[in-house]
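Just below is one structure, and these are the notes that go with it.
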Amino acid sequence: MNSRRREPITLQDPEAKYPLPLIEKEKISHNTRRFRFGLPSPDHVLGLPVGNYVQLLAKIDNELVVRAYTPVSSDDDRGFVDLIIKIYFKNVHPQYPEGGKMTQYLENMKIGETIFFRGPRGRLFYHGPGNLGIRPDQTSEPKKTLADHLGMIAGGTGITPMLQLIRHITKDPSDRTRMSLIFANQTEEDILVRKELEEIARTHPDQFNLWYTLDRPPIGWKYSSGFVTADMIKEHLPPPAKSTLILVCGPPPLIQTAAHPNLEKLGYTQDMIFTY
């Protein structure tokens, strides 16, 4: 992959802030948008290792707000970076009457306005066929890990780091790493990138398995309903093994009450689990 790295890289210094302009905005659903930001030139790539994410920084109400996002575009894309983001509006969630600071800021951005990007950030690096590097913390050196089957538990916009990996692995004919995903959402309308996930599952049936669970399923729903359970994990994800790695990303309740306790109950050890 690196032999063709002639393109200029945007994220040269992980501590620097790079102002990037909003060049396109697409409404994906009632509360989800795709934001496209322009890179310094049409030839630039972002320069983000697979497994890593970026931070967006903005001054909102005199306060510096920093949020982490995994782009859905990759370094095969030149001149732009795409983010899929769920907007947390005011007065929707009783616990968060103010809504999301950063997401509402993005929602109100006009084409041509800029926001600061910083990165790469992250503890997981995917180096190619089943080879991963995992940092125990942000500053340590990555520890080599080999996996032939990646299990994935994602909730809501926690799908973006999974999509980054799924796309990268299925695009590489030499990579036979298997992936199984449980994707949890509130309603059927909330399922992000559904079309793409189902297309990948259809074209790579031996490599990618897809399963959904919904809090409020429609009548006749053929997948699971409710929280991610131990039975669901047992049925749809690879069993505990040295060559199994389970990736988890989503809201805190999914991680703390559904994913981690059930994985531990089923005998997955700490080194078999990575939480974004």
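Each residue, glycine too, has its Cβ placed from N, Cα and C.
Positions annotated as domain 'FAD-binding FR-type' by Swiss-Prot: 15-127.
For K17, the entry in Swiss-Prot reads N6-acetyllysine, with the evidence type similarity to another entry. Less than 8 angstroms from the CB of K17 (N6-acetyllysine) sit L57, F116, F117, R118, each of them six or more residues away in the same chain.
According to DSSP, Y18 (phosphotyrosine) is assigned to a strand segment. Long-range Cβ contacts of Y18 (phosphotyrosine) within its own chain (separation 6+, distance under 8 Å): T10, L11, P40, F116, F117, R118. If you look up Swiss-Prot, you'll see Y18 marked as phosphotyrosine.
When secondary structure is read from DSSP and collapsed to three states, I134 (FAD binding site) falls in the strand class. Residue density at I134 (FAD binding site): 17 other Cβ atoms are found within 10 A of its Cβ, drawing on all protein chains shown. Here Swiss-Prot flags 107-137, 146-181 as FAD binding site.
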